[in-house]
Amino acid sequence: MPPKMPLLDHPVAEWPSLLSGDKPVPAYRARQIAQWIFRQNASAWERMKNLPGEDRRRWSEIWDLSLPIVRDEKRSRDGTRKFLLELSDGALIESVLIPRDDRATLCVSSQVGCGIGCRFCRTAEMGLIRNLSVSEILGQVRVANRLLAESPVRDMSKETEPAPLLSRVNHLVFMGMGEPLANFDHLVRSLAVLTSPEGFGLSSRRITVSTSGLAGRIRDLGTSGIAVNLAVSLSAPTEELRENLMPISRHHPIRSILSACRAYPLRNRQRITFEYVLLGGVNDGEGQARELARLLAPFRSKVNLIPFNPYPGSPYHRPDKDRVRRFQEILLAKGVTATLRTTRGEDILGACGQLALSPSPALTMESSTWKTIDFSTPV
């Protein structure tokens, strides 16, 4: 028997023709299936009791709905949960669920590993292994929704009144493993399902795609018709320093990136986010803050300052709080909106720049739990 094919690699609009056998499948039937998969977290045909039994048996022999296996789950003291997921070919990826107030944000991976080579990112140590398929990108959201339905999560960083329990992902950031725009076709097809009423039904305003700065693909994303938020990892105000920290800048210099960002369509009140990882003694000087403000002055944008998140073997360190605060103050004084990202999940190596599949232990395991969950059992 030939291997099953992942149904979610295909748009819902194609399902009627794909599922047709001796008799045509009406469009409403495809919508019923989509409802089961995207809203009811179904991963097996036999659960869909309002579908004809004969059709379910036939489709189950051809079309795969299975989810990645959760090989490990680590839970941070702040409520963040990091998942190690095994894909059908044995490849491993990580995704991170971050509860904050009434938001359940999932940090999604787009590739196994990453080929960009940013010096301050742990994923770069893996190199690029392969792109994720559409079904594998969506599978991360499906797994998170399944686990949240079974065990809701809340923001544990609150010191006053408890934050609400969250039972479904309601925000997405493509900031996990990989460069999303280097897997452009699968990214855009995934975004279509994530934002479709027949899919997950997420507002595009609640989805952010982060890139190291593939200028041509920034333009392509802007003309794709899916108006997601754009975040660009800048992390240096000069070409020379950026090329040292992010080798991709040799092919996509700052001037090309900013030109592409100028062309990116923005809705009312929408801004481009420029992410800036602060590395102690490297890119956190007052002069560098002023140069960054000069670069970004023409843009409707905000700067998200990210104090470096340490990981085993890294040559960098996090600047002290006074230096971070001074950098932010200079940007604000120059009229540039600048926010300071709150580090989440650092104790489980789940923070920005810490994802990788090495055997290195987390900084502390006191608040972590470990388990394996195989969703092959029909649910």
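Heads up, the Cβ atoms here are built off N, Cα and C, so glycines get one too.
Note: TrEMBL annotation is automatic and uncurated.
A quick note: this is a predicted structure, and the numbers were derived from the prediction, not measured.
The S-adenosyl-L-methionine site recorded in TrEMBL includes G178, E179, N309, and the single candidate from S135, S151, S210 that the record places there is S210. All protein chains included, G178 (S-adenosyl-L-methionine binding site) registers 29 other Cβ atoms within 10 Å of its own Cβ. Reduced to three states, the DSSP call for E94 (active site, proton acceptor) is strand. Within 10 Å of the C-beta atom of C114 ([4Fe-4S] cluster binding site) sit 26 other C-beta atoms, taking all shown protein chains into account.
Those residues noted as binding S-adenosyl-L-methionine (G178, E179, S210, N309) have their most widely separated CA atoms at a distance of 19 Å. Nearest in space to E179 (S-adenosyl-L-methionine binding site), taking C-alpha to C-alpha distance over the recorded positions E94, C114, C118, C121, is C114.
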